[in-house]
Amino acid sequence: MLFQLFKQKFALFARIQATSINSNSLRPFSKVQYRGMKYLNQLEAISVDEELFNEYKFSVDQLMELAGLSCAHAIGDAYTSDSLRTNKVLICCGPGNNGGDGLVAARHLSLMNYEPYVYYPKRTDKDLFKNLQHQAECMGITVTADCPAAVWIDAEFGLIVDALFGFSFKPPVRDAFRSIMEVLQKTTVPIVSVDIPSGWDVELGPQTGCDIKPDCLISLTAPKLCAKHLVNAKHYLGGRFVPKKLEEKYSMSLPQYKDRDLFVRLS
């Protein structure tokens, strides 16, 4: 009798523990907890950037370093190097600040047990970008202007980082980037887009069935309206540098970053 009573109590305890684990530790991520968070339109995104530079006196390289570092940490959370088929990461960089974020992320990923390989087809004469490329190359990272073939990408890489176009992008895609966009549309390797999936309208999202479909988006500063069009994708927020006063001015209602994390997983 006592043995039967013990078995019943043990079974009840096990059920309670299992329920607790299933409802907390294994609970899927949801956007519900961030329902009040604002998604910025293109003009708001540009205005926020301008205020960070002009009102709050951040420098471009300062914000770029913080943004690229947060991207590297978010990637490390979403795709640990030992979870990928290979730790080789193709990072596609454009000529603007989004591409600069990619160059910074490449450098930090190389310190986190990943093997970055940078495709950087259209360079600028600005010292900031020359320095970022030099820093990457000094760390043994290949930086090339030769567009990789889709077959080679699928065979060689475990992950792609799309850092081609930012929130200032306006369609159509320029000729210099058509080749890589076609490759990104064909590849079977998961794609992480930085701030905006390249080729998407910043507010309206994908415009054709051929637009890239990222496996993950890392929004920077605050999500842009196009992020509402993500389908079955991970979504992170990075760029832990927004002053509270600026957040309140634009009614961003950003989620709280946990402890020392440089990112928040939104979904």
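The backbone N, Cα and C atoms fix where each Cβ goes, glycine too.
Because TrEMBL annotations are produced automatically, they should be read as predictions rather than curated entries.
Listed by TrEMBL as binding K(+) are N98, S198; the candidate from D125, D127, D162, D175 that the record includes in that site is D162.
Within D77, D195, D211, the residue that TrEMBL lists together with N97, N98, G99, G100, D101, G166, F167, S168, F169, K170, P171, P172 for binding (6S)-NADPHX is D195.
F167 ((6S)-NADPHX binding site) falls outside any helix or strand according to DSSP and counts as coil. Taking the binding-site residues F167, F169 in turn and counting surrounding C-beta atoms within 10 angstroms, the largest count is reached at F167. Rounded to a whole number, the distance between the Cα atoms of D101 ((6S)-NADPHX binding site) and S198 (K(+) binding site) is 14 Å. According to DSSP, D162 (K(+) binding site) is assigned to a strand segment. Comparing the binding-site residues N97, N98, S198 on other C-beta atoms within 10 angstroms of each C-beta gives the minimum for N97.
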